[in-house]
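Q: After the structure tokens below, expect a handful of questions from me.
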Amino acid sequence: MNQEKLIEKSSQYLWLPFTQMKDYDADPLVIESGEGVYLRDIHGKEYLDGYSSLWLNVHGHRNEEINHAIKEQLDKIAHSTLLGASNIPSILLAEKLIDLSPEKLKRVFYSDSGATSVEIAIKMAYQYWQNIGRPEKQKFITLKNAYHGDTVGAISVGKVDIFHRVYKSLMFHSLVAPFPDVYHHPDLDDADEIRDRCLQELEEILREYHHEIAGMTVESLIQGAGGMNIMPKGYFKGVEDLCRKYNILLIVDEVATGFGRTGKMFAVEHEGVQPDIMTVAKGITGGYLPIAATLTTEEIYEAFYDDYNSLKTFFHGHSYTGNQLGCAAALANLEIYKRENLIEKTQEKISIIENLLKPLKQHPHVGDIRQLGMICGIELVIDKESKKPFEWEDRVGYHTTLKMRELGMLTRPIGDTIVFMPPLAANEEELREMVSIMSEAIEMTTKKYAGEKAV
Ligand code: PMP
């Protein structure tokens, strides 16, 4: 089919996620292939994959080993159900995940996306308390600006106003504690003070409601879609201590941060946090196939282990749960981490990125650069001193990413924060090229605001 026809049909038949289709129709993009850290569209134009194809890709596109593992599995079987039957790759992967994850986690429950892994975590925590005779523990507590995916359970613990407000009456109610957002805090700028105040406010809520709270959901160390905001040192551990003190299950969302993104296999390792439930997805297959998992403790697992008639069974499962192709891809993906000592190698890339981003700090419209490992957010503001944002209608973040696309790099903004999350496999030259494109696009997009200040 010719290129123009394809573009026409993409606008005629598709409805893309998190996309205003009017924007897409104005400037359609159809990807045809990829290689390493590059994506190629149907016109043959190449783009650096600056968002790891939505925070997934690890070793680059068309990695031979992962491709081979998928093909090999395909010659055995593509899929059989995990309801009442297991399969070889799902067993081997479960063992590997448990080996890699924090000590307390002993069981793996599969699903197929980050949101479903969170949905499962919520239902698991909810039912756990019923199964052990504490049915009054039904509430969830979450953090301001949290994002855990788009299914109804996941949005119920999601607190990003623009994504979630429209569904308000559809969601279950959850309690909300403040997030220690250092850059955007209205009256404090000392990270330790912000941490202590937020922990104090969290404790006040827990003190009052703990007997009704089943679990606390929290993104691991950094809020992604809520703005790329990193917790100050000690906050995450503080949350864990409070969950223990008030007997609340700690549900940690490692969907975006897992598998080396932050410089550790899981971001919980930075503060030695031991979740009761942990969700993983995205990087689990290196970005090749849609599988996810919810990991939990033996204690939680045992609360569901009984005669069928006790109704303690976890009545949850998806058709593609434990899909063999996905598990085979994940096994091959994780094998590369081990053989290549990838986490170790990532440390060097993290410092390269840090150094490359440094000069951007001088730019008059770069308000803040937040980096946790290979997750970066570059926040653009109209006035650095007052941190005043650009007008919402100006869509400066969006226009910057469109400019980046023109210059040969793809990413998506979160408001006016530019997401920079390259595949872990990106080499120094590729990282340099990505940062250079980003700098140029920021310069070109913001130059018309030169000299504009807060009023
Ligand atoms: N949790 C977090 C922290 C995420 O960043 C995301 C996706 N960006 C999700 C959950 C949802 O994952 P998925 O898109 O695979 O449903």
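Placed from the backbone N, Cα and C atoms, the Cβ positions cover glycine too.
TrEMBL lists Gly114, Ala115, Asp253, His318, Ser319 with the feature pyridoxal 5'-phosphate binding site. As annotated by TrEMBL, substrate binding site applies to Tyr147, Lys282, Gly317, Arg412. Under the heading coiled coil, TrEMBL lists 188-219. Residues or ranges marked as N6-(pyridoxal phosphate)lysine in TrEMBL: Lys282.
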Q: Which binding-site residues of Ala115, Gly317, Ser319, Arg412 contact ligand 1 in the sense of C-beta under 6 Å?
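A: Only Ala115 meet the Cβ criterion.
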Q: Given the binding-site residues Tyr147, Lys282, Gly317, Arg412, which one's Cα is the least distant from that of Gly114 (pyridoxal 5'-phosphate binding site)?
A: Lys282
Q: Where Lys282 (substrate binding site) and Ser319 (pyridoxal 5'-phosphate binding site) are concerned, what is their Cα separation in Å, rounded?
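A: With distance taken Cα to Cα, Ser319 (pyridoxal 5'-phosphate binding site) is 19 Å from Lys282 (substrate binding site).
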Q: How many neighbouring Cβ atoms, not counting its own, are there within 10 Å of the Cβ of Lys282 (substrate binding site)?
A: 27
Q: Hey, does DSSP put Ser319 (pyridoxal 5'-phosphate binding site) in a helix, a strand, or just coil?
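A: Where Ser319 (pyridoxal 5'-phosphate binding site) sits, the three-state DSSP reduction gives coil.
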Q: What kind of secondary structure is Asp253 (pyridoxal 5'-phosphate binding site) part of, going by DSSP in three states?
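A: Its secondary structure by DSSP: strand.
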Q: Across all protein chains in the structure, which of the binding-site residues Gly114, Gly317 has the highest Cβ count within 10 Å?
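A: Compared across Gly114, Gly317, the most Cβ atoms within 10 Å surround Gly114.
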Q: Can you check how the pLDDT averages out over the coiled coil (188-219)?
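A: On average, pLDDT over the coiled coil (188-219) sits at 98.
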Q: Where Tyr147 (substrate binding site) and Ala115 (pyridoxal 5'-phosphate binding site) are concerned, what is their Cα separation in Å, rounded?
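A: Distance (Cα to Cα, whole Å): 10 Å.
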